[in-house]
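As given in Swiss-Prot:
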COMPBIAS  49-64  compositional bias 'Pro residues'
LIPID     Cys193  S-palmitoyl cysteine
LIPID     Cys194  S-palmitoyl cysteine
LIPID     Cys197  S-palmitoyl cysteine
LIPID     Cys198  S-palmitoyl cysteine
MOD_RES   Thr170  phosphothreonine
REGION    1-93  region 'Proline-rich domain (PRD)'
REGION    1-96  region 'Disordered'
MOTIF     18-26  motif 'SH3-binding 1'
MOTIF     22-25  motif 'PPxY motif'
MOTIF     56-64  motif 'SH3-binding 2'
MOTIF     93-101  motif 'SH3-binding 3'
MOTIF     269-275  motif 'Nuclear localization signal'
TOPO_DOM  315-328  topological domain 'Extracellular'
Amino acid sequence: MENHSKQTEAPHPGTYMPAGYPPPYPPAAFQGPSDHAAYPIPQAGYQGPPGPYPGPQPGYPVPPGGYAGGGPSGFPVQNQPAYNHPGGPGGTPWMPAPPPPLNCPPGLEYLAQIDQLLVHQQIELLEVLTGFETNNKYEIKNSLGQRVYFAVEDTDCCTRNCCGASRPFTLRILDNLGREVMTLERPLRCSSCCFPCCLQEIEIQAPPGVPVGYVTQTWHPCLPKFTLQNEKKQDVLKVVGPCVVCSCCSDIDFELKSLDEESVVGKISKQWSGFVREAFTDADNFGIQFPLDLDVKMKAVMLGACFLIDFMFFERTGNEEQRSGAWQ
């Protein structure tokens, strides 16, 4: 009878339970409906289900890949994949875009916060080896070495090689997104001081198709002179160069002056690049300095004046043994 009573007290009828059973918790621990077998509540002192496998003890080999080591799951990734920005370690970093000021043409906001530009012409290997004139390319940087713009000449092959440095050209200036923010248009003009009625000129457009200023050559028997004009062709500033536009081992300065030529407010410098580069290539370096508070449109016009000066006095074409002088 005693054995029979123990069997009737077991959780499942007909199951023989040894001495010490039933367990200390009551039968009400079973959860869920009566026809569904559920797990009972664990006894006191139960440590819970086993977690991830612990790490290997000292002296054991490192587990293979895929081994779920100890510690919490979903541990954050420490090294995120890097985005290969066009101006990353493989190239020149771009200047961050500043907030555009009021009444600023799109793309010229970069010029609002700087008072100096560096213009570096790229060396074309085909041009060096064969003398075949290619489209000029320029990097335009700020004083920190960050690229502000990239300029590309857009002139057909026949015009480049037949007209040489006197050629008409279109220069497209791009920002860090590859958008054309400025266009420089130089028409075909006479390059001799003997014809003052047809002197050099370049038009600056920002955005393309909208003129913001002009650079016109002013006739003078000895000095290279230019006038910087606004979009209404009103004179704003002047650029005056040296009598002889050539030197060795030193820079050549074109001073930015007021209209009365009494005060100097900036300059365009053709920088000495070294004997090898000067002798065997036409890749030039220029520095442009202007007042920080100068209107961004006039800063863009000064950039156009730099390119016009480069083509007039420092552009080597074909197999010419020396570059252009002050007057041809």
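From the backbone N, Cα and C atoms, a Cβ is placed for every residue, glycine too.
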Distance, the residue listed as 'phosphothreonine' to Cys197 (S-palmitoyl cysteine) (CA atoms, angstrom): 23
Cβ-based isolation winner (fewest other Cβ atoms within 10 Å) among the recorded sites Cys197, Cys198: Cys197
Integer mean pLDDT for the motif 'SH3-binding 1' (18-26): 55
Separation of alpha carbons, Cys198 (S-palmitoyl cysteine) and Thr170 (phosphothreonine) (Å): 19
Where Cys197 (S-palmitoyl cysteine) falls in three-state DSSP terms: helix
